[in-house]
């Protein structure tokens, strides 16, 4: 046994001696990291960026953001958040070195600082000090993020000044993120520096999402806020909250409180109304929409704990089981109408995801009431029965003046969808589906190539990076109907302990494909920037896993 010091605490760990066997094969490895990280590069890669060799040093004691023109509480909180992020860059590295056994005395620190001053002031590329960043918001703040919100921004760092400008508070949030990523610690660790730079940037797609499943495993609100942080660091803007499913119902309903009281795993594993309001507020502060999903008629077993009458009673070999929702009962639709009326009051986003995927027909096929209903209504297949159900639910949302998203099965099964209903592609031939959906004039989202729960090996972010939402045969008008896409983190095998490193930095690959121009497609070049982005997220408290193999973060 050996005592190991970790972050100032002593713990005992079992030491295993490894015997190094000389390698006689042809596999030759150079020392150092497999992928050398960039320094001060922006993720996702901007639309247009020009960087000079000249650089400025940031005065730690006096650095600040100065708001010009319009301002609001949302922007002020962002300025405070990003000022702390910028000023923490050097401190984080220093703490890491101390934790690894490097000691700083006040005299050594002072001498290093003086040496640093001499070295950068004698550098011909040093242009002076940067104390203030002007934040020019050219239009009033908006209250809530929304589809197709303006996220464009400009950054100009030159002539001893820095200017961030945007016509939208959402664009300003993205500008602040990009600025913070360009600030780096000097090689000798004595100063913060930033190069003279001009950036003109904006997203390629308006919907850049991450689905998080909180039913299979409950994810606590603190972890969800961490996920929102990581999303903001990658300029993702939709938190698709797959909040309930077969296994648990953690959403606390005001109208039907018994759903979570009986359907959640445990009383402590429930999202209260206050929790949900908190998540929506934290997401809004980061320019992120919160889009709820209440999947029906399948994936609803947990609903039946308190309301078994909603579900279909199974017979024959499935006797004693409950299947999908019973589409023959008018009371089912009344219940759902009341629930969705509440949902749109709780979640302010324009869109509600209605699911509609993976409906097993075995139980319907075993139930004589279902079969008789189909006969009387001339429904000749279970797909037609599902169509009838989904049509009622989609119409309910339409009446409530909201828009629906549905998984692709709803479209494939021929449900007549109102204009603007988004079809979410998650499996099968994505190129063929995207072509058909957009040819029919419906907007689409892509997820099938961005399933974060599908693991292959370390560095598998490249398979996500090699997927493009416009990679299908279609007209320009068709491709304009592709709103973007989402990475999906289904939680069968993740919980609060491992969900963050499972998401990050793999979702960063999806984020860049959805933000950056289509011409940004060199995975080898991206690997160096992703190495830096991963360390950056680590410094900011996101336990992102290594993206490329052997390497290090200080």
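Using N, Cα and C of the backbone, Cβ positions are placed for all residues, glycine too.
Features of the protein shown, as given by TrEMBL:
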{"type": "SIGNAL", "residues": "1-26", "note": "signal peptide"}
{"type": "DOMAIN", "residues": "42-182", "note": "domain 'Beta-hexosaminidase eukaryotic type N-terminal'"}
{"type": "DISULFID", "residues": "72-141", "note": "disulfide bond"}
{"type": "DOMAIN", "residues": "205-517", "note": "domain 'Glycoside hydrolase family 20 catalytic'"}
{"type": "DISULFID", "residues": "314-363", "note": "disulfide bond"}
{"type": "ACT_SITE", "residues": "358", "note": "active site, proton donor"}
{"type": "DISULFID", "residues": "535-553", "note": "disulfide bond"}
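It is 358, among the recorded positions 141, 314, 358, 363, 553, whose Cβ has the fewest other Cβ atoms within 10 Å in the structure shown.
In this structure, 72 is the one among the disulfide-bonded residues 72, 535 with the smallest number of other Cβ atoms inside 10 Å of its Cβ. Counting only the Cα atoms, the space from residue 363 (disulfide bond) to residue 535 (disulfide bond) is about 50 angstrom. In space, 535 is the closest of the recorded positions 314, 358, 535, 553 to residue 72 (disulfide bond), judged by Cα positions. Between the CA atoms of residue 553 (disulfide bond) and residue 314 (disulfide bond) there is a gap of 56 Å. The two recorded residues, residue 314 (disulfide bond) and the residue listed as 'active site, proton donor', have Cα atoms 17 Å apart.
Recorded residues residue 141 (disulfide bond) and residue 535 (disulfide bond) have their alpha carbons 32 Å apart, per Cα-Cα distance.
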